[in-house]
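These notes are about the structure you will find just below.
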Amino acid sequence: MEPDGTYEPGFVGIRFCQECNNMLYPKEDKENRILLYACRNCDYQQEADNSCIYVNKITHEVDELTQIIADVSQDPTLPRTEDHPCQKCGHKEAVFFQSHSARAEDAMRLYYVCTAPHCGHRWTE
């Protein structure tokens, strides 16, 4: 990004809103047939200098997801259960979440993480 807030031609990185600093997303202006970058948080948008869009999809396995967030068992926003005790240490409480996997076979699978401080065992049922 240049000091004046513009991007060099052909820039393919992430763009940010000049109003609220959120990420800008590609958006088509169908009436004028141009590509825009628009903020999903406010009304800011800017015309793209290049009509090329690159998509980089990254998928993660549940083990990767729970290791990325080392303190997932301490997350107060995750639901907890005592109906699925840890098979490794016997602790009764676990947090659980549904993976955002795109694979159809994982669509409704729940993943559990033991909340015992010394354990952190991860499993699915």
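Numbering starts at 1 and runs along the chain as it is shown here.
Cβ coordinates are placed from backbone N, Cα and C, and glycine is handled just like the others.
Here Swiss-Prot flags CYS17, CYS20, CYS39, CYS42 as Zn(2+) 1 binding site, drawing on sequence analysis. The feature Zn(2+) 2 binding site is assigned by Swiss-Prot to CYS86, CYS89, CYS114, CYS119, with sequence analysis given as support. Annotation source Swiss-Prot lists N-acetylmethionine at MET1. What Swiss-Prot lists as zinc finger is 17-42, 82-124.
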Inset, instruction - Given the binding-site residues CYS86, CYS89, CYS114, CYS119, state which is nearest to CYS42 (Zn(2+) 1 binding site) when distance is taken between Cα atoms. - result: CYS114
Inset, instruction - Pop the Cα-Cα gap between CYS89 (Zn(2+) 2 binding site) and CYS17 (Zn(2+) 1 binding site) into the table, whole Å please. - result: 48
Inset, instruction - Quick one: average pLDDT across the zinc finger (17-42), no decimals. - result: 92
Inset, instruction - Have a look around CYS42 (Zn(2+) 1 binding site) and count the other CB atoms within 10 A of its CB, chains all included. - result: 12
Inset, instruction - Using DSSP reduced to three states, classify CYS39 (Zn(2+) 1 binding site) as helix, strand or coil. - result: strand
Inset, instruction - May I ask for the residues of the chain that lie six or more residues beyond the zinc finger (17-42) and have a Cβ under 8 Å from a Cβ within it? - result: 5, 48, 50-51, 53
